[in-house]
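Colleague: This structure is in C-alpha cells; I'll ask about it shortly.
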C-alpha cells in the first residue's frame, strides 16, 4: 500500500479497496505528511527556480489539487464518502483523533520558520564580513589591535542590522493563523454497538478530512468542502479571487471538467465564508493540501536576490581575488627590500584593509534609514529598508485597482427609464426605497441618498409612511419596501390606492417579477413584451461594459385589503410589477491617481493593472486615470497560453483582469525573470499576498488585510499614489549615494594599492608604515559617513537606476589610472625635488597627498558636471571634506604625528598639492566627459 493510503488504513469506517484505480490517483491528496512534505518542498524548489517558471501552466502541486477537487465535484455523494473514507454519520471520535495525528493540525500553510541562529548565520555569512573578520584576526596576530577592533565593530553593526530586519520579517506568515481561530460545528458519531450522531464544536485546527461540517451565515469553511446539503447558500470567495461579489452554491449538482475551479457549485474552499443560507458539507482536504494552501505555499519564501545584492557579492569576490594577488606581490616585494617578514606581513594586512570598502554596510544602511525617515514624514511605514533602494530601480508598478486607483466607494451616475432617457421618477422611487429600508444598508443606498441631497431634489419622504419591508437576500437579490401616503392615487380602474410596493435590486431579478412597463413621459402602462425585455437587458449590459453597476427599479400599487391577515407582507407580493427603469453606479477614480501615474510615467515607471474584478470595469477605470487599454487580457485567457505566449502577453498587456492570486504571482515573476524588470506591487487584500511577497517592492495601505500588511515592504497610511512618486525619487537618491561610495571607494582603493605597489618597488622601503596606512584609511572612511546626506542632480532621478557589474568594472578601468597618475606624480615630485633619502619626509608627504586625493575624489565622482563650479555638494559633504583634510594636514604638526613617525612638511609642498589637484580634477573631468560620451551614463 502506498503512502497515499496510509491516512485511511486501520480506519474504523470501513476497509479500503485496493483495486480502485480512481482512488489511487485521488486519495494521494491526503498523503502522510512526511512523504507529502518532502514532495511539496521539491515542487516548491522547482516552482521558485527561475529556469522552471512558465507562468501559464499550473505547478505539480496545483495540478494534484485541481484533479482531486474536480473528481469530487463530478462524483455522486456516496462515491465522495468512499473516496475520503467517511460515512453519512460522520467520523468517530477515535478515527478523527487518529487522522489528526496523521495529518497534523489544520493550518493553511505548513511552513517551518527559520530559527534565530539560522538567521544570524545568514546575516553573518557575507563576503565583506568574512574579509573583515579575517583581516581583523590577522591584525590581532600582528599586534595591531586598533585596526582589528575597528573592523570587528563594523562587522557587528552590519550583522546586527541585517539580523534584526530578517528576524522581524520571518514571523509574517504566522498571521495566516487568523483563519483558524474560530470554532467549527462538526457532526461526529459515538457508541460501540449503536452509533449516535452528535453535533460538537471543535477548533478549526482539529478538523480532519472526512468530517461533516455544519455552516451558517458568517462561518468560514475550515477546509475544501464537498457540499452534501444546501439551502439558499451564498458564499464570498473574495479571499481567493479579489472580487467583492458573491457566488451561489448548491449541493444537488454534478459538475463537469469545463467549469472553472472557483465556479464549481458543489465545492467550497478553505478561507471563504458564508454570506447567507446554510448547509452541510464533507471536508475533503485540510491544512497544506487545500486549494488555498497550494496558492499560498510560497508565502514566506526568500525573494530572489536583486541585481544590487548579486552585484555586491560579485564585486566582493573580485576584490578578494585582486586582494590576494596584490597583497601577495606587495608582501614579497617588501620582504625582498626590508628582509623583515613580520613587518612585511603586517604591511600586507594593512594594504588588504585599505582595499576593502569597510564602510559599505554602514553607508548603505545609513542611506536607507535616511530614506525611510523621509518617507515617514509622508505618512509611510517602511518595514524593509532595502525596499527604498529597490524603489529607485523599479520600472514597473503593478496595481490592484480597488482602493488604490479608485475611491472604493459607490457614486450614482444615471437614473434612466426603459428607453435610456433620464427620468426623475425613476430616481424618486429608488430614493424612497433606499430612504425607508432599515435592514442591511449598503453603499449603493448611501450613494442614492447622497445624489438626491447634493443635487437639490425634493421628494418629500415625510409624506410617506413605511408599512413593511421585505429585506434583501442573495436568492432574490432585491429589496422591497411597502409605503403608504395620505395622497390618494387614482388608477385607471377607478380604484383608489394609497399604498405602494417599491422594489430595487439586480436588474435580472427585478425584471423577473415585472409584467408591465411604464412609459414615464406619457404616464401609460403597457404589457411587458419580449422586445422590451431584450432592450432593457442590452442597455444594462452596455452600462456594465462601461464599468458601471446597474440596479433595476419597479413599483406596484397595492389595495389595502391585499395585506395579509398577519399584517406582514412577504416575497409573494413581488409579482406583476411595473418596471420603471434603472440606476447606475460607479466606483470613481481618485483625483490624485491620474496625476500620480503621469508623474511615475515621466520617471520611467510603467503601470500595469492586475485585478480580480471584471475586464470591463478595469478598462473603464484605466481610461479614467490615463492607463492605455489597447492590450488587455483576462485570467482565464492566460490559462490557455503556453509558456512563451504567456510571457509575451504579460509583457504587452497593461490591464490584466479576473486574475487569481496565483496568476498575479506568476505575472510578477514573469516580469521579473523573463522581462528582467524591477517590479513593485500595490495591493491591499488577502488575494494580493502572494504578489506582495514576490515583488521587489511590496506596497499596501494601512486599511488592508493583516496578512497583506505583514508581507508588504511599505505601508501607506494614506491611499495617495503621489507618495510613491516621492518614494521613487528618494529610492533613486539612495541608490545614487550608495553607488557614489562604491565607485569612489573601489576606484580610490584600487588606484592607491597600485600606487603603493609601484612606490614599494621604486623606493625599496614601505611608502607608509602599517600604522600610517591604517590611520589614513580610517580618516578616509570617517569622511565618507556624510555621503548619505548628499544631494543629487535632477536628471538622475528621472530614470530607473539599476546595478551593472560590467559598468562598474569599466568605470574602474577608466578612472582608476587617474588616481594612480596623481599618486605617481606626487612620488616623482618628492623624489626629484626633495630627494627620497628621508623616509619620514616622504611618508608624511605621501600620507597627506593620499588622504587629500581620496577625500576630494567624492567631488569628482558625485556629479557629471564640473565640481565646485557647475555643481556643489551638500553642506555635510563639504564640511566632512574640510574637516578630514584639515586633520590630515595638521596631524604631522602634533604629538600624534611624532608618535606615528611624521615630520613637518615644507610650505612648497602644499603649493605643489594645489597644482597637483587642479591637474587631477582637469584630467579627471576630461576622462569623465569622454566616458559619458562613450557610455551615455556616469553613476
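Glycine is treated like the rest: Cβ placed from N, Cα and C.
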Colleague: Which one of these stretches, 746-765, 766-785, 786-805, shows up in TrEMBL as transmembrane segment?
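Modeller: Spelled out, TrEMBL records transmembrane segment over residues 746-765, not the other listed ranges.
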Colleague: Given the ranges 811-834, 835-858, which one is assigned the annotation transmembrane segment in TrEMBL?
Modeller: 811-834
Colleague: Please find, within the list 85-104, 145-164, 165-184, 185-204, the residue stretch that TrEMBL describes as transmembrane segment.
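Modeller: Spelled out, TrEMBL records transmembrane segment over residues 145-164, not the other listed ranges.
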Colleague: Looking at the ranges 56-76, 119-139, 224-244, which is given as transmembrane segment in TrEMBL?
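Modeller: Result: 119-139 is the stretch TrEMBL calls transmembrane segment.
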Colleague: Which one of these stretches, 317-336, 746-765, 811-834, has the most C-beta pairs shorter than 8 Å to the transmembrane segment (909-927)?
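Modeller: Ranked by Cβ pairs under 8 Å, first place goes to 811-834.
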Colleague: On the 0 to 100 scale, where does the mean pLDDT of the domain 'Cation-transporting P-type ATPase N-terminal' (71-144) fall?
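Modeller: Over the domain 'Cation-transporting P-type ATPase N-terminal' (71-144), the predicted model scores a mean pLDDT of 80.
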